[in-house]
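**Student:** Attaching a single structure in structure tokens format; questions to follow.
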Amino acid sequence: MTRNFANWPIVLVLLIISTPIIIMYAFLVIDTVTTSPPGSAIPNGFTLSHWRFLIDPTATGDVWRPTLTTILFTASIVVIVLGISSTAGYALSRLNMPFRRYFLAVVLVMHAFPLVTLIIGVFLVLQFVGLYNTLTGVVLVKAGLMLPFGIWIMKGFYDTVPWEIEMAGVQDGASRFTVWRKLILPQVKPGLFALALFAAIDAWGEYMLPRILAPSADFEVLSIYLNTVSDPDSTTYNFNLFKSVGLFYTLPILALYAIFRDRLMNIFGGGTKG
Amino acid sequence: MPARSYLTGLAFLSPALFVLIGFFFLPVVLTAVFAFTNMSTSTGISGGSYVITGNLLGSLKAQGVAPTVVDALSQASFVVDEQSIAKAQAAGTDAQFLAEIEQQLSGKAFSEERAFERELKSLRYRPRSIRDLKLAVDQFELSVLNTRFASAAEAREAVSELVPSAPADVVDEIVDASYTGWRWTTSNFTRLVSSSDTWRLVGNTIFYVAVTLSFTVFVGLFLAVTTFYLPAGAASAFSMLWLLPRITPVVLYTVMWKWFTWEGGFVYTAAQALGLPAFNYMKGSVPTAWTIVIMVNGFIGAAFAMILFSGALKAIPVQQLWASEADGASRWQQIRFIILPHLRWPILFVVSYQTLSLLSSYQEIWLTTNGGPGRTTTVWALESFNTALNSYTGNLQYGLGAAMALILVIVGVALSILYLRLFRFDELLSRPKIEF
């Protein structure tokens, strides 16, 4: 737009406040393929040995089992969140029912409301229903905690669909369910897609719930695996190794983000509506 | 037919209702309920039983229960009667031996194990091995110490049997005190109010929220405004860079901060090379620990604020900016009189949303300083979580933790409702247009 101001001072200041991020992420990539002498951060040699954990389970334990578990974990959460949000969002956006107003207010409060506070209560609920220490339990809780957000987003997308489509369907004698299934759902595909992306990224990064709600379970997700590998107090602590594992763990997210940046920005910004 | 359309609505809503009740409503209720109990690992979550332990007797004595009663309870006695013989029979004691015991010692009681053992040793059919003899002796022992009673009635019966002289109210007191399960209490709250730790936690929390929030808003604003003015390429490079903390999984993000600030990490190495003090910045001193905690959370928040502010900036009619420049406005004047007024609502929104999420966030602190050094960077939410679910000593105090969480829940709900009013909830709601 305007060219009558110099840009370089701004860029300089921006660079300075971004230094920690730049250094951390640059070295996250560099350190996985280089070696550096002790007591220095500057690399002096190229190596692929830090990636050996991919084929050699002796270094850190098998990485593929946690990877599969994480994929399963993420996929189940995405399916649950999409399924429930798309029906509930529709109900709140379009259907006539009692207490709709209050329900919407409650969903909004839940969305604004920090969920981690409830973890003690959730822990007790899982203990009572016997889902403590199970993958099912963690999946349900994680999906449940994402729901208010999902419902709210989907409601927003349904709100933008013209009423005429629905009226035409009802006029022609279709039931409300058929109208939703055949006419409205295709209209909110972008919303479903964005929500799926968001839920996938969120679930993929989840650490606390599996750690707290399934501490001694026989499954391990990648976040737990990474945290075990990167405990600075352990004797086998190795910056290069945990960075390789970390990069391996984060690559799918970075890829999704790079490919679908625009759609994600939509939901990152729009998801936190006023 | 309103009823029918209500049903359609409910059918569409029911899966969500089911999950939300299970994982929001129920946890809130449970948190509120258990805040008024002394539930912990040692009391268990389901009901407990009645056990009189040595420790308990000690404290009962201190509470003024008659020493004679306490001493009687702590003493084991050996009684030969129908009951104990039947018990020994069931345990597989030799029949001939038992018959002899019944014949010779029936009705007798011994207060010392040795005396009873000596008596048994003199019998003809006694078992050969000492071990078997001891096993037989154990069967006649009558003691309440460390015995688990399933109900209060059983415990009461056992106590009065052992100490027939004890008055009923003393027995009740003993039995009541021996309950190992959880009970209702308001002591969690009185403890919170009276403890000086509480106020330090509150102070820490306020400090943490205020400083991190200012960091978030100012850095977010700065990023949004500067990237707004920069050429598209540079702007998008910076905004992508600042989004990284927000999308990186929290474990990797915190572990990277550890690498950055830990012993042998980047800053450590750099400081050493420059001759500056090098130590574990995350745990070595209070100011550095706070700085790191605030930056770890602030970077994530700043990314969030930047997205929102940038979105709002794009909505400013560009003619206003052109006009101001034609009138000779400096960049600062542009920001002050055009951009900031446009950002009023987004800023208010970020402040309210972040206050709430910072108040209750402890994930990043837990994974970086974990409240240290000492307990200097511990905030309310972290302490509540540690008390209830993550104690070092192994005794998880669900009750106390729930009480702390309940206070956060109340603050959270109050703030959310306030925000709903502030951001005009009514405008978000439109009535359905198909009524049938």
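Just so you know, glycine gets a Cβ as well, placed from its N, Cα and C.
TrEMBL does not curate its annotations; it predicts them automatically.
Copied straight from TrEMBL:
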- A:7-30: transmembrane segment (TRANSMEM)
- A:67-260: domain 'ABC transmembrane type-1' (DOMAIN)
- A:71-92: transmembrane segment (TRANSMEM)
- A:104-129: transmembrane segment (TRANSMEM)
- A:135-154: transmembrane segment (TRANSMEM)
- A:191-209: transmembrane segment (TRANSMEM)
- A:241-260: transmembrane segment (TRANSMEM)
**Student:** Thinking of Cβ pairs under 8 Å, which stretch from A:7-30, A:104-129, A:135-154, A:241-260 has the most of them with the transmembrane segment (A:191-209)?
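**Tutor:** Maximum Cβ contact count belongs to A:135-154.
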**Student:** Find the member of A:104-129, A:135-154, A:241-260 that has more C-beta pairs under 8 Å to the transmembrane segment (A:7-30) than any other listed stretch.
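**Tutor:** It is A:241-260 that shares the most Cβ pairs under 8 Å with the transmembrane segment (A:7-30).
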**Student:** Grab the same-chain neighbours of the transmembrane segment (A:104-129) for me: Cβ-Cβ under 8 Å, and only residues 6 or more beyond its ends, written as numbers and ranges.
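**Tutor:** Sequence-remote neighbours of the transmembrane segment (A:104-129) are 92, 137, 141, 145, 148-149, 151-152, 155, 208, 212-213.
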**Student:** For the transmembrane segment (A:241-260), find every same-chain residue at least 6 residues outside the stretch whose CB is under 8 Å from a CB in it, and list them.
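**Tutor:** Distant contacts of the transmembrane segment (A:241-260): 27-29, 31-32, 50-51, 53-54, 59-60, 63, 197, 200-201, 204-205, 222-223, 225-226, 229-230.
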**Student:** Near the transmembrane segment (A:135-154), which same-chain residues lie under 8 Å Cβ to Cβ, leaving out any that are not at least 6 residues past its ends?
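**Tutor:** Those are 69, 72-73, 76-77, 80-82, 84-86, 88-90, 92-93, 107-108, 110-111, 115, 122, 126, 129, 188, 191-192, 194-195, 198-199, 202-203, 206, 209-210, 213-214, 217, 219, 267, 270-271, 273, in sequence order.
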